[in-house]
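**Q** Sharing a structure, written as structure tokens. Questions coming.
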DNA sequence: TGCTGTGAACGACTTCACAGCC
DNA sequence: GGCTGTGAAGTCGTTCACAGCA
């Protein structure tokens, strides 16, 4: 383990490895080579081996990887056993969708609070014994429920102030869906998901032709 | 314009430049230097200049960039004036959220059809004179309404078959929200948005410490 | 022999540093 | 002097190629 010099894309891929391995284990595949595994994901075998090599040696030379063992190791690496308390700020369509998305809680991200400042929404009951609460109470609630991750799904104009509020509340990580780059203290980890930007990027590639190589598989 | 060798990250940033410029123009800022602009976005000035240099010369030495002019140029580059017809397949929470998200149509991505195969949803009226239609009619509808982009918001298990269906229907680009890597003919442009993977990536950074430099500003 | 693990080569993207114009 | 535009240098991530073990 080469501690602390792990490429970000490697982490993203590990999350994908994890999902693929789950399927393999369920399908009863007990062993797989880096080549076969890579083909399934549309990447190179060397990439698979290099990604794993940052964290240790998980395979058997001449054989391949034991799927269950590897799944376990990757769960460990990604800290998937840990549960993370999250809160969602901005219960518009996207916030609602996230609050109802089972994939997140399945991955260990548990919503502990949902905030909005629209009085008509406050008090609205939501799944998992939650209800929408006032943003005014955010600081207090985040602290008392040990929320570590804040999800920002407010309009762009309110994103920075929401981020500031979350920071003051002592949050450690932010997932920001608002199409704006946030100014944050450097100790706060920040992940941006800009849906419009992805669409635009797609449109550009469609117009000018992709520079990427085609996926075979 | 160095045609066809433009880094993908450059395109993503251009989309961000665009949004930032809109704000600047609205605020009445008529000129800005690459340094000031970069600071606003938390990137390096040289990055701004390099990104723009792929497409031409938009600034005045010793002065900076005219915001309105630059906004115009970037709109041109990104093909933002063009309208793209999209369809959304899978009207769960996320599909609904996207169908209701004004940011997309504002960026020129207009939903022309919404599909689901749940009989209870079919026929349900939606904004913009749309209603949810049966996936069985996808091919026919996509062709007749000139849909170019397919958005996949079905569960992972149905994502590949949906992609195949869209491909057969003659779609040119896909935005895939399902947590699975799609196998596609190489002429289809593909953009993946994996929300769970982003959360996991965040969690990893929170656990092991970010390798990124802190954002100032 | 087959396949992993990994240093070294390569390629892609970013940053530097400065020439060139305002 | 100030700031852009850009080749050159540097950094980061991917791919190669092969040594080493089952």
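Just so it is clear, glycine is given a Cβ too, placed from its N, Cα and C backbone atoms.
Keep in mind that TrEMBL annotations are predicted by a computer and have not been checked by a curator.
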**Q** Pick from B:16-55, B:56-95: which stretch is listed in TrEMBL under DNA-binding region?
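**A** Going through B:16-55, B:56-95 one by one, TrEMBL gives DNA-binding region for B:16-55.
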**Q** Go through the binding-site residues B:90, B:91, B:93 one by one and keep only those whose Cβ is less than 8 Å from a Cβ of chain A; report them in sequence order, or 'none'.
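**A** Contact set vs A: B:93.
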**Q** Does residue B:94 (NAD(+) binding site) have same-chain partners at least 6 apart in sequence with Cβ under 8 Å from its own Cβ, and which are they?
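**A** The list for residue B:94 (NAD(+) binding site) reads B:153, B:177, given in order along the sequence.
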**Q** Counting every protein chain present, what is the number of Cβ atoms, excluding its own, within 10 Å of the Cβ of residue B:91 (NAD(+) binding site)?
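**A** Around the Cβ of residue B:91 (NAD(+) binding site), 23 other Cβ atoms lie within 10 Å.
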**Q** Please list, for the domain 'CoA-binding' (B:79-181), how many residues fall into helix, strand and coil according to DSSP.
**A** 35 helix, 29 strand, 39 coil
**Q** Give me the DSSP three-state residue breakdown of the DNA-binding region (B:16-55), ordered helix, strand, coil.
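**A** The composition, in the requested order, is 28 helix, 2 strand, 10 coil.
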